[in-house]
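What Swiss-Prot says about this one:
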- His9: active site, proton acceptor (ACT_SITE)
- His9, His75: Ni(2+) binding site (BINDING)
- His9, His75: Co(2+) binding site (BINDING)
- Glu45, Leu70, Ala71, His72, Gly73, Ile74, His75: substrate binding site (BINDING)
Amino acid sequence: MEALVLVGHGSRLPYSKELLVKLAEKVKERNLFPIVEIGLMEFSEPTIPQAVKKAIEQGAKRIIVVPVFLAHGIHTTRDIPRLLGLIEDNHEHHHEHSHHHHHHHHHEHEKLEIPEDVEIIYREPIGADDRIVDIIIDRAFGR
């Protein structure tokens with residue numbers, strides 16, 4: 001069985017999670033994936049490991065993870081793949097950048113055990129899609 005996990009940044013304010021919940025509901029309504037979960041990078045739950053675990057508990061063997069970010073950044077290229085167990089978790093990054101940021105990542109050390117028979121497919125972020133251009137133009141015209 002296939003699952004889709006939408007991954008967002010998370011925020012101290014509720015809007016980020018509410019948006020992801022709404023998007024997940026809209027995706028569910030299309031009936032393309034039997035399981036749709038959301039996971040948040042930081043500040044709120046469900047965390048990314050919690051979302052993946054929830055999908056596995058429902059019988060998912062193939063988990064497609066879509067980062068709901070416009071562009072690649074440190075979260076999509078490093079933090080999320082690390083949380084998904086796709087890249088080695090070495091702790092040298094704590095020295096890479098000033099520590100004012102990384103104390104927010106209270107989810108970072110949550111360990112995710114992926115069973116042997118479960119495949120994780122990590123996809124690209126939203127990107128410079130023409131459909132985004134349409135939305136930008138609508139917003140510019142106050143629509």
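Glycine is treated like the rest: Cβ placed from N, Cα and C.
Not measured: the values here are computed from a predicted model.
Taking the features listed in Swiss-Prot, we show where each one sits on the structure.
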{"residue": "His9", "record": "active site, proton acceptor", "contacts (Cβ under 8 Å, 6+ apart)": "Ser16, Leu40, Met41, Glu42, Phe69, His75"}
{"residue": "Glu45", "record": "substrate binding site", "contacts (Cβ under 8 Å, 6+ apart)": "none"}
{"residue": "Leu70", "record": "substrate binding site", "contacts (Cβ under 8 Å, 6+ apart)": "Pro125, Ile126, Gly127, Ile132"}
{"residue": "Ala71", "record": "substrate binding site", "contacts (Cβ under 8 Å, 6+ apart)": "Pro125, Ile126, Gly127"}
{"residue": "His72", "record": "substrate binding site", "contacts (Cβ under 8 Å, 6+ apart)": "Pro125"}
{"residue": "Gly73", "record": "substrate binding site", "contacts (Cβ under 8 Å, 6+ apart)": "none"}
{"residue": "Ile74", "record": "substrate binding site", "contacts (Cβ under 8 Å, 6+ apart)": "none"}
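Secondary structure from DSSP puts Ile74 (substrate binding site) in a helix. The secondary structure of the residue listed as 'active site, proton acceptor', as reduced to three states from DSSP, is coil rather than helix or strand.
Within 10 Å of the C-beta of His75 (Ni(2+) binding site) there are 21 other C-beta atoms, taking all protein chains into account. According to its DSSP assignment, Glu45 (substrate binding site) is coil.
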